[in-house]
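Feature annotations, courtesy of TrEMBL:
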type	residues	note
DOMAIN	7-116	domain 'BTB'
TRANSMEM	163-188	transmembrane segment
TRANSMEM	215-235	transmembrane segment
TRANSMEM	247-269	transmembrane segment
TRANSMEM	289-309	transmembrane segment
TRANSMEM	316-337	transmembrane segment
TRANSMEM	349-369	transmembrane segment
TRANSMEM	381-405	transmembrane segment
């Protein structure tokens, strides 16, 4: 230690004193305390603590003494837990002050902290960089432009970041709903084109369909989605990362079929291949169902589902392996008991193992359509075992997926509240 005298130093935290040797402070686990070792003057010391007594070489911190006592238990024993009868957020604030993070807490306390944060929508940031009023001069034009792009990016990416973002998200949701209604209505017999049209009539109908009310509404929706996607691409920080995001890929899959169908209509004309192209056009138009997934950008629930599937892919693979192994075993046994043995009665539904796999799947998932069922006594016993084993095998990984879903929901909810809180503070400042 480059400041002070004596072989030891005293930390006074809220009236409770702790004595340490100088060498201990050098590698102290608490970042704020270890900073005392490098102080060269009393001014440097007062930047770390609240007051300093030169005569007793005592450093005073106006903080919660009981909370610091629990933090010292972490320093000694490596376990950090909340103080009983103390607010989790207040204790977390003490942790940040002394240089600890939420990851230092025990797992049970981390869950409590996440739940508390998600309920109160509170965001605790790290220490702000110290810059006095003199450092708040006029920003250069480049910084102003970057701030504008950041606001635009948050407006399009975070629906809860501002009023404009909420309005934009509402309009986008309305366009999705309208496009889905038009898509569903276009399959009604009154809206659907007859299948027995001639090639010339089909060509004329395809060319004129764009001028119909449904075609106009579809073109307006596509124009909105295209403009939204282009603007989001322009204001994005990393263009390559923007292209690789799953939601942006879904946007591209939802928009591209419309332009492909228009180009095919223009270039095909009255070609003899139009009937085949008509089937392709119907498939491309039906791909508009991907627009429903665009709602994931505005609803935390759908985002939670996607993030859970991303994090739990190992559990999902394990679940599929369980089903495949059980399906291979039970389908082979059911085919043998129902059709393979010469018992006088043969069930034609189980003529092969692939055919029996369908029965195994609907039995293990307890769907039971009834289109296939065993008729022999051994087959029915096997069916009961198949149903029970399906319940057990499906229940094993579900617990991990459920806990991951809850954790992902709290994280996304907290992140949404954080963006809203930080941007509101920015506008106020």
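Cβ coordinates come from backbone N, Cα and C, glycine included.
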Who are the long-range neighbours of the transmembrane segment (163-188) in its own chain, taking Cβ under 8 Å and residues 6 or more past its ends?
154-156, 214, 217-218, 221, 224-225, 228, 285-286, 288-289, 291-292, 294-295, 297-298
Candidate ranges 215-235, 316-337, 349-369 - greatest C-beta contact count to the transmembrane segment (381-405) (under 8 angstroms):
316-337
Mean of pLDDT values spanning the domain 'BTB' (7-116):
85
I need to check the long-range neighbours of the transmembrane segment (316-337): which residues 6 or more away from its ends have a CB within less than 8 Å of a CB in the stretch?
309, 350-357, 359-361, 363-364, 374, 376, 378-379, 382-383, 385-386, 389-390, 393-394, 396-397, 401
For the transmembrane segment (215-235), find every same-chain residue at least 6 residues outside the stretch whose CB is under 8 Å from a CB in it, and list them.
149, 152-153, 156-157, 171-172, 175-176, 178-179, 182, 209, 242, 248, 251-252, 254-255, 258-259, 288, 291, 294
